[in-house]
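Annotated features in Swiss-Prot:
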TOPO_DOM  1-26  topological domain 'Extracellular'
CARBOHYD  14  N-linked glycosylation site
TRANSMEM  27-47  transmembrane segment
TOPO_DOM  48-56  topological domain 'Cytoplasmic'
TRANSMEM  57-77  transmembrane segment
TOPO_DOM  78-95  topological domain 'Extracellular'
DISULFID  94-172  disulfide bond
TRANSMEM  96-116  transmembrane segment
TOPO_DOM  117-138  topological domain 'Cytoplasmic'
TRANSMEM  139-159  transmembrane segment
TOPO_DOM  160-191  topological domain 'Extracellular'
CARBOHYD  188  N-linked glycosylation site
TRANSMEM  192-212  transmembrane segment
TOPO_DOM  213-236  topological domain 'Cytoplasmic'
TRANSMEM  237-257  transmembrane segment
TOPO_DOM  258-268  topological domain 'Extracellular'
TRANSMEM  269-289  transmembrane segment
TOPO_DOM  290-331  topological domain 'Cytoplasmic'
MOD_RES   322  phosphoserine
């Protein structure tokens with residue numbers, strides 16, 4: 001026990017991950033990869049190929065699914081690293097995946113803010129309902145926020161301070177530890193303002209006005225289905241932001257202000273897990289927004305039930321055949 005404790009302390013002092021974290025990360029990321037890949041591939045296919053009447057919220061959902069897929073496709077490299085304990089994919093690719101940890105929540109929050117503003121227009125400003133069908137503006141908004149986020153993330157590829165330099169065997173601590181980003185704290189806190197606080201305040205502002213309008217009965221002209229759908233979207237977005245993104249960014253700010261050297265942070269690891277969970281929780285949004293996605297999920301579930309029933313029947317028929325054969329042999 002003493003040897004294990006000393007080994008873990010040595011790992012933490014060197015900035016590497018304890019074995020418990022690696023095992024938990026392997027299990028967690030495996031589940032996220034399998035569920036998230038199926039959910040977001042299905043969503044992207046539904047929104048881009050089977051949805052005939054596209055609206056602004058459809059465009060936003062396509063971008064959410066695409067962003068989730070980009071992030072999810074990086075998970076197998078993480079899992080390989082945690083399983084093998086070394087990084088064979090090169091230093092530059094490690095930088096890219098490390099930057100992706102910051103890129104994903106930054107862009108995701110803006111996309112969720114766009115969806116919140118879209119629901120604000122649908123409930124509080126129904127006279128501008130035609131704007132909700134103007135997909136051109138939605139495409140420009142999404143393209144602009146993609147470019148803006150990429151531009152502010154590129155400097156992370158050029159960091160001088162690198163926790164993985166001169167490591168043997170090669171490591172890639174950047175994909176889970178964000179403490180090495182202290183070297184660019186000015187950029188970090190600028191990013192916190194523009195990619196966390198501003199979209200968060202936009203969402204809160206939209207929700208406050210929407211709730212105020214609902215309580216004062218200013219939305220009586222809206223169809224009940226539109227109200228119900230919008231409220232479900234709002235509640236889902238609020239829960240997702242509070243669970244997945246707020247803890248991550250609070251931890252990010254705290255770690256950037258701490259004066260200690262780079263080391264493994266259990267709180268940082270946990271909030272990073274929560275942030276990754278967002279790629280799967282988006283399924284609730286997809287299910288609420290799109291009837292086609294609902295139908296697709298239901299068809300998959302029915303098909304699985306059908307396969308199970310076929311297997312049960314085949315097992316039963318096989319057991320009956322074997323029983324009849326035994327009886328014939330006895331006779």
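Glycine is no exception: its Cβ is also placed from the backbone N, Cα and C atoms.
Positions of Swiss-Prot features highlighted on the structure.
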residue: 94; record: disulfide bond; CB count, 10 Å: 21
residue: 172; record: disulfide bond; CB count, 10 Å: 24
residue: 188; record: N-linked glycosylation site; CB count, 10 Å: 19
Report task. Express the distance between the Cα positions of residue 188 (N-linked glycosylation site) and residue 172 (disulfide bond) as a whole number of Å. Result -> 20
Query - Cβ-Cβ under 8 Å with the transmembrane segment (269-289): same-chain residues at least 6 beyond its ends - result: 17, 21, 25, 28-29, 32, 35-36, 39-40, 42-43, 46, 57-58, 61, 64-65, 68, 71-72, 75, 101, 104-105, 108, 115, 176, 178, 229, 232-233, 236-237, 240, 243-245, 247-248, 250-252, 297
Report task. Please give the sequence-distant neighbours of the transmembrane segment (139-159): residues at least 6 beyond its ends with Cβ less than 8 Å from one of its Cβ atoms. Result -> 59-60, 63, 92, 95-96, 98-99, 102-103, 106-107, 110-111, 114, 180-181, 183-184, 187, 190-191, 194-195
Report summary line: Given the topological domain 'Cytoplasmic' (117-138), its same-chain partners at Cβ distance under 8 Å and 6+ residues beyond its ends are 54-60, 202, 206, 209-210, 213-214, 218-219, 221-222, 226-227, 230, 233-234
Query raised in the report: What is the number of residues in the topological domain 'Extracellular' (78-95) that are helix, strand and coil, as DSSP sees it?
Result: 12 helix, 0 strand, 6 coil
Query - Chain residues in Cβ proximity to the topological domain 'Cytoplasmic' (48-56) (below 8 Å; excluding those fewer than six residues from its ends, i.e. six or more beyond) - result: 62, 114, 118, 131-135, 137-138, 290, 292
